[in-house]
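Chemist: Pulled these features from TrEMBL for this protein:
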type	residues	note
ACT_SITE	Cys140	active site, nucleophile
BINDING	Thr11, Ile12, Gly110, Arg168, Gln301	NAD(+) binding site
BINDING	Ser139, Cys140, Asn141, His194, Gly195	D-glyceraldehyde 3-phosphate binding site
DOMAIN	2-140	domain 'Glyceraldehyde 3-phosphate dehydrogenase NAD(P) binding'
Amino acid sequence: MQQVAINGYGTIGKRVADAVRQQPDMEVLGVAKTRPNFEAETAIDKGFPLYAAVEERTELFAEAGLEIAGPVEDLVAEADVVVDATPSGIGAQNKALYEEYDTPALYQGGEDADLVDVSFNARSNFEDAVDADHVRVVSCNTTGLSRVIAPLREEYGVEKVRATLVRRGGDPGQSDRGPINDILPNPVTIPSHHGPDVETIFPDLDIDTLGMKVPATLMHMHSLNVTLEEDVDAADVRNLFADESRLFLIPERMDIDGSGKLKEYALDAGRPRGDLWENCLWAESISTEGRDFYCFQGIHQESDVVPENVDAIRAVTGAADAEESIATTDEALGIGLR
Ligand code: NAD
C-alpha cells in the first residue's frame, strides 16, 4: 500500500484524499492544513489524521478543539508520495521540504511548469513521470484539452488546435471571485497561457487558445476546432471517443443543455459533491468538415484533475503502467458515464 500525504486540503486536496482512500493500492497517511475551518473538521470526521502545515498556527487547531497528529514535516517524512494541493505558488515554496525528506511530490496546475521534471496527463504522457521526483498535474483546462487531443493525434494526426475557453469566474465556494455581471476577455492577450500549457504535454503541438471569464461557478466550457492531418467523418470521431473512459459523450436523449443540468445529473447519479471527473462532450456538437473537427465540452474544474493525481501517484512510485493505473482508478471511482 502506497502511503500518500496530502498537503493543502481545499477544493482539490479534499477530493484527492477521498479518491486515494477508494483505491485498492494506496492509503491516506494524513492531510495537512493551515487553519481550522469546516474542511479541517470534515477531515477529522472522515478519520484523516490532520497535520499542521504552518508551525505558528498549530495552536489555532487546539483552540478550535481539533486534534493535530503532528507537524507537516512528520507527514512528509513518513509518506511514499506527497500530493501538494496548496494555492498557486505555495507548492513552489514547499518544494524544498519535499526534497529535504526525499519524498516524491505532485504539484497542481497553478504552479509553473519549470518547477518540475514533468507536466502530467495520464492519457497523454504517463510514462514520462515514471520514477520522477517532481511532477505537475496540469490544470483543469489543460487536462480537458489533452484528453481530447491525445486520441485525435494518435488516430488522425493533428495539424492545428484552436480553442476558446469560456471559464467560470470562481469555484462555488470562492465568494471573493468574479466577475459578478460581466464577460471578460481573460487574458485579453492572445494566445492565452493555456495553449503553451498544453505544449508542456505535447511539445510539438500547434495550438492557439483564447480565454474568457464569465459569471458562472459550475464548469468551464470549451469551444474546440482541431484541424487534423486527414479527412474525418464525425461518426468515426464519436466512435473513437466512445472508447475513452474519461470522455463522456452526452447523448442527445438525455436532454442536457448546459452545465446546470450536467451537475444535476451528476448529483442524481450519486456522484460525490456532484463531481464530473470526465470531459463532458455534447455528442451532437461533434462535427467535421473535411479535415476540421469541432465540438463543445464542459469541464468540471474542481474534479477532472482528481483521477489524474491518483494516476500520477502510481507513475512516480512505478506501481503500475498507464493502462493498468487508469483502469484501476476508473473502477475505484466509478468513472465512465455513458
Ligand atoms: P484551495 O484554496 O481550495 O485549497 C488550498 C488549500 O491549501 C486551502 O485549504 C488552504 O488553506 C491550504 N493552504 C494554504 N497555504 C498552505 C500551506 N502553506 N501549506 C498547506 N496548505 C496550505 O485551492 P484549490 O482550488 O484546491 O487549488 C489548489 C491547486 O490546484 C492550485 O495550484 C490550483 O491552481 C490547482 N487547481 C485548482 C482547480 C480549481 O478549479 N479549484 C482546478 C485545477 C487545478
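A Cβ is built for glycine as well, from the same backbone N, Cα and C atoms used for every other residue.
Quick caveat, the model's predicted, so the values are computed rather than measured.
I would like each feature placed in context: is it buried or exposed, what are its neighbours, and how far apart are things?
Modeler: In the three-state DSSP classification, Cys140 (active site, nucleophile) falls within a helix.
Sequence-distant contacts of Gly110 (NAD(+) binding site), defined by Cβ-Cβ distance under 8 angstroms and a gap of at least six in the same chain, are Pro87, Ser88, Gly89, Gly91, Ser139.
In this structure, His194 (D-glyceraldehyde 3-phosphate binding site) is part of a helix by DSSP.
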Chemist: Look at each of the recorded positions, Ile12, Cys140, and point out the one with the fewest other Cβ atoms around it within 10 Å.
Modeler: Cys140
Chemist: Please list, in sequence order, those recorded positions from Ile12, Gly110, Ser139, Cys140, Gly195 with the Cβ less than 6 Å from ligand 1.
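Modeler: So the answer is Ile12, Gly110, Ser139, Cys140.
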Chemist: What is the number of other Cβ atoms found within 10 Å of the Cβ of Asn141 (D-glyceraldehyde 3-phosphate binding site)?
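Modeler: Asn141 (D-glyceraldehyde 3-phosphate binding site) is surrounded by 25 other Cβ atoms within 10 Å.
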Chemist: For Gln301 (NAD(+) binding site), write down the residues of its own chain that are at least 6 apart in sequence and whose Cβ falls under 8 Å from its Cβ; none is a fine answer.
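Modeler: The answer is Cys140, Asn141, Arg168, Asp171, Met219, His220.
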Chemist: DSSP three-state call for Arg168 (NAD(+) binding site): helix, strand or coil?
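Modeler: Strand, per DSSP.
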